[in-house]
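Engineer: Take a look at the following structure, please.
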Amino acid sequence: MNIFRFAGDMMHLLSVVVLLLKIHKMKSCAGISLKTQELYALVFICRYLDIFTGFISLYNTIMKIVFLASAFSILWYMRSHKVVRQTYDKDQDTFRHYFLILACMVLALLVHHKFTFREVMWTFSIYLEAVAILPQLVMLQRTRNIDNLTGNYVFFLGTYRGLYMLNWVYRYLTEVHYHHRWLTWISGFIQTALYADFFYYYVKSWRNNEKLQLPA
Amino acid sequence: NESDDSHDEL
């Protein structure tokens with residue numbers, strides 16, 4: 001495992017920790033899109049179908065369990081916790097995320113590397129992950145006061161796939177048996193590019209020492 | 001192994 005992949009994973013982990021910290025300590029999920037969180041839970045379920053059958057390393061297995069467990073605990077907090085669920089801003093979270101699921105499933109059935117159940121579900125999870133942030137980005141744009149934890153959560157999440165792209169380039173150059181996975185590369189690129197606007201305003205607010213606010 | 005190389009990532 002190279003430094004880019006590891007740094008990417010740590011960014012991903014950090015984003016989840018920051019979000020759970022906000023929810024657990026502040027007892028608030030204000031500004032967080034439940035729809036994005038539902039999509040991530042679905043992404044992890046479909047991608048980690050091999051969690052008990054395909055062992056790669058202890059690191060991989062532990063990380064998979066952590067991502068699955070954290071995704072479901074976030075969903076539980078936002079839907080069922082008696083204090084946290086009242087801070088969920090349902091009226092701002094209006095993205096039709098079922099259309100994303102449907103579109104990604106159709107695309108996965110049409111464009112994949114291999115037509116097997118495992119592979120199509122894996123491909124679906126790659127496509128869905130690329131666009132899962134959209135409901136959250138729409139919600140951020142509607143939120144006048146984005147708190148630091150929410151801003152950092154989205155920033156870490158955006159950085160993670162960007163680092164994965166460096167990891168793919170590195171593996172492509174250094175590993176003889178590493179196959180060119182154009183499907184993942186394109187999805188990863190789109191996933192990172194969706195954050196471009198957010199990154200711009202995040203860095204700007206950080207440099208000017210101002211509160212983060214996205215233009216409507 | 002053709003299909004496994006990209007599934008070693010998270």
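One is the number of the first residue shown, and numbering goes on along the chain from there.
Each residue, glycine too, has its Cβ placed from N, Cα and C.
TrEMBL labels come from automatic prediction, so no person has curated them.
In case it's useful when we look at the structure, here is the feature table from TrEMBL:
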TRANSMEM  A:55-77  transmembrane segment
TRANSMEM  A:98-115  transmembrane segment
TRANSMEM  A:121-140  transmembrane segment
TRANSMEM  A:152-170  transmembrane segment
TRANSMEM  A:182-203  transmembrane segment
Engineer: Can you tell me which of A:55-77, A:98-115, A:152-170, A:182-203 gets the most C-beta pairs within less than 8 Å of the transmembrane segment (A:121-140)?
Structural biologist: A:182-203
Engineer: For the transmembrane segment (A:55-77), could you work out the same-chain residues 6 or more beyond its ends whose Cβ comes under 8 Å from its Cβ atoms?
Structural biologist: 1, 9, 12-13, 16, 19-20, 23-24, 29, 34, 37-38, 40-41, 44-45, 48, 84-85
Engineer: Residues sitting near the transmembrane segment (A:98-115): Cβ under 8 Å, six or more positions beyond its termini, same chain?
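Structural biologist: Non-local partners: 39, 42, 121, 123-124, 127-128, 131-132, 134, 181, 183.
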